[in-house]
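Here's what TrEMBL has on this protein:
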type: DOMAIN; residues: 4-409; note: domain 'Major facilitator superfamily (MFS) profile'
type: REGION; residues: 421-448; note: region 'Disordered'
type: SIGNAL; residues: 1-16; note: signal peptide
type: TRANSMEM; residues: 32-54; note: transmembrane segment
type: TRANSMEM; residues: 66-84; note: transmembrane segment
type: TRANSMEM; residues: 96-123; note: transmembrane segment
type: TRANSMEM; residues: 130-149; note: transmembrane segment
type: TRANSMEM; residues: 169-189; note: transmembrane segment
type: TRANSMEM; residues: 221-244; note: transmembrane segment
type: TRANSMEM; residues: 264-284; note: transmembrane segment
type: TRANSMEM; residues: 296-313; note: transmembrane segment
type: TRANSMEM; residues: 380-404; note: transmembrane segment
Amino acid sequence: RFVVLLVFSLYSLVNAFQWIQYSIISNVFQGFYGVSLLHIDWLSMVYMLAYVPLIFPATWLLDTRGLRLTALLGSGLNCLGAWVKCGSVQPHLFWVTLLGQCLCSVAQVFILGLPSCIASVWFGPKEVSTACATAVLGNQLGAAVGFLLPPVLVPNTQNTSELANNISIMFYGTAGVSTLLFILTVVAFQEKPPFPPSQAQAALQDNPPEKYSYRKSIRNLFRNIPFILLLITYGIMTGAFYSVSTLLNQMILESYKGEEVNAGRIGLTLVVAGMVGSILCGLWLDYTKTYKQTTLTVYIFSFIGMVIFTFTLDCGYIIVVFVTGGILGFFMTGYLPLGFEFAVEITYPESEGTSSGLLNASAQIFGILFTLAQGKLISVYGAMAGNTFLCAWMLLGVILTALIKSDLRRHNINTGRTNGDIKAVPVDSPMDQDPKPITFSKQSEASL
């Protein structure tokens, strides 16, 4: 199970790296390709745009054809997109690099919804939240590397041939790593373990596959009011993170001229702090199962962090931005696995991939809207106005999160409590040494 988790985390890392590699040196790519900053911003936003129409076929594929095929598509398309970019290292070939980025954005559709699914299928109830956080960690680490390496590999220079050579090194290096990870996915990534790791998974696997209806599952999710509220709040939080990540270079350079490398380091600080937050939140959830309380607390501190970041950005001391960016990242990025796990709990027995996919679709929609709106505000009124716009939306997210009703359905199954028509079967989980009592649904008791 750890091999599956590691392979997924690594190719998710490369996909996230390819998402942010243009934006963090947007001024460099703008000069190389001779296009506007909006064109460069779209190299990031295409990740968000592609996700929305493709999420339903992607989650249908995951639910009906399984985890392994979905993983192969994600890793394979990511590899293909990386190689297409290698043919775009000339100033007149912006459309080729856009094509490669489009392929990587399609790969992302088969990646972002998998962490909660991998965690549930492969890990027991005492490890599931930590496993989900670890799977999300790979994507966050990719964003961190995407902030750090491009400014170092592709420094700003007026020598076009030297710039082309530096870009080529970055693209070919990415393609080589992507190819290796695709081979590892083919060899090592398996569908599921021989035995269900939890009561909840045993109950789901006991149901005949022919009784599953993807359309009915979608309807059930959209009738679930707590999930709808989470859908909106997750979209606001993650969309704000996408917007800040995409526009970070522009925000930093507005107040600190010539600091492209430090802009990347600030982005790295933001994401690394978030990685620490993700792991701590995952461990805390596995220990306490306080899903709503933890989610609301992290949301409140994310809002506070955004306010502090907004009002200290132009203070004149870049070290302060490093500190406030770290605080913001710790809570904002640490929220991501919380949303996945909370969604699985309140929507069980619906598919983890479908609920996670819809959360990510919401994040992409808000990410596009926030990036366009914040980018316009920054260009006209400055970074303060753009960040204040995000603060207002995050305050709304805090209020809506407080309204979510916490109904931990999966946890109730794993602890021997059922809620009506969900059937639990006795399974000795290899991940959980405490044997569970035999429980039956009302229908099963009647038949007995």
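Every residue, even glycine, has its Cβ placed from backbone N, Cα and C.
Note that the structure is a prediction, hence the values are computed from the model and not measured.
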Tertiary contacts of the transmembrane segment (96-123), as residues 6+ beyond its ends and Cβ separation under 8 Å: 1, 4-5, 8, 11-12, 15, 18-19, 22, 33, 42-43, 46-47, 49-51, 54-55, 58-59, 61-62, 67, 70-71, 73-78, 80-85, 87-88, 129-132, 135-136, 139, 192-193, 197-198, 200-201, 337, 340-341, 343-344, 351-357, 360, 431
Dominant neighbour of the transmembrane segment (221-244) in 32-54, 66-84, 169-189, 296-313, 380-404, by Cβ pairs under 8 Å: 380-404
Residue numbers, six or more beyond the limits of the transmembrane segment (380-404), whose CB comes under 8 Å of its CB atoms: 226, 229-230, 232-233, 236-237, 240, 243-244, 247, 250-251, 254-255, 292, 295-296, 299-300, 302-303, 306-307, 309-311, 313-314, 342, 346, 370, 373-374
Range from 66-84, 130-149, 169-189 with the greatest count of C-beta pairs under 8 A to the transmembrane segment (264-284): 130-149
